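Encoded as structure tokens, the structure appears first; notes follow it.
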């Protein structure tokens, strides 16, 4: 429990909204932005980079997809360390390391992204591919170190982290939109046959020059990752932010251990032999608990009323093994959709309805992510039925999107205003529902400690990995999707 003097200090804070401190909330958002901002930024900048003559051309996105999956070795190593040597890995040191690597990689990309070399007889963007691996290594690893760090704070700040994670895709998209990255104009070109004297007219896509160079974009990404590192330093070491910690730990590992294993002790829905820690003792060191037990060892016998109250508290903080596993599997499925499947088929789904629809959908879909996190802040349901129903609705929207991609270049209602409006609505609603569901699950797992959130991060990467591999094969190897032309005749 929080001391009364600390409660009075919190109440005196100026920037308070409900149960959160606005300054701390904003700092957590900035910290969360550093999770995926560099890879998301690199991805939206690809059109501008490719039009400047990279040798891989439009095959480059498929190369990057595979490199990102190889980079999952980062979270794998962290997970193995936490499983087989719990408490030995310095989580704070890992966060500083990956943010440092990410910021340096962005800075190097700003000046060397066009550097090529001949590998196996072919010209390759060798510097870009190597640095992109390090960026992917950084971002994949954030899933298993950033989330456990957030257990330091009250559960209200979990939504702030996911807002930041969502903005890591939205902010680079908006900057790239202002840059004009990937902007294409359809130009009429006439050609005359000298023999027959017949003139033919064709429409070709022409890339427009960007409003500022690629170098400036990568410098912007460097600044974003750097500020994320500053935000982490404030959250970890500034006394102002420590007042928003969930508990006061004298022995963090002891309290963490008592919280994170709670799910293993319930067999069925709040049934079986349960030995959870009393919520009022969470955060105390082992020595403090021993002293307390010694003080009260003469008063072991509890009244029936006290027993019933304790059982109710235990039930509130328990979760069955089946539900725990179900939420983890659902997390993997939802992240496979949001992180791999839908982004990989967006051009196939939206381009038949026009270039403007594609760009509008890309921007609004990225905006829907942080908006869903704000909704979780206002209303978050912990009901398994509600989460499952919303996940089903989001999956239904994803199925419609998958149909439009498979039916490209002639999906339903193509060439009509109603089709353009509907495809944008389906994408935005799908993004809202899927993001809301996965953030709500993470919020539920927040109360079970660091290890529970670590497994959420692991399943996020597992789902993203299998989704990316599957749709890489579908798109690039089996070629089951057909692109619509940029400029329809």
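Any Cβ shown, glycine's included, is placed from N, Cα and C.
Keep in mind that TrEMBL annotations are predicted by a computer and have not been checked by a curator.
Checked against TrEMBL, the range among 288-310, 357-379 recorded as transmembrane segment is 357-379. Counting C-beta pairs under 8 angstroms (sequence separation of 6 or more), the transmembrane segment (159-178) fails to reach the transmembrane segment (324-345), with fewer than 3 such pairs. When the stretches 63-85, 357-379, 421-445, 452-475 are ranked by Cβ pairs under 8 Å to the transmembrane segment (324-345), first place goes to 452-475. Under 8 Å from some Cβ of the transmembrane segment (94-113) lie the Cβ atoms of residues 34, 38, 41-42, 49, 74, 78, 125, 127-128, 131, 134-135, 137-139, 141-142, 145-146, 149, 214-216, 218-219, 221-222, 225-226, 228-229, 232, all in the same chain and six or more residues away from its ends. Non-local neighbours of the transmembrane segment (22-43) in the same chain are 15-16, 61, 64, 68, 99, 102, 105-106, 109, 132, 135-136, 138-139, 142-143, 146, 150, 153, 157, 160-165, 167-169, 171-173, 175-176, 217-218, 220-221, 224-225, 227-232, 234-235, 240-241, 244, 343; each lies 6+ residues outside the stretch with a CB under 8 Å from one of its CB atoms. With Cβ pairs under 8 Å as the measure, the transmembrane segment (421-445) is packed most heavily against 357-379, out of 217-235, 357-379, 452-475.
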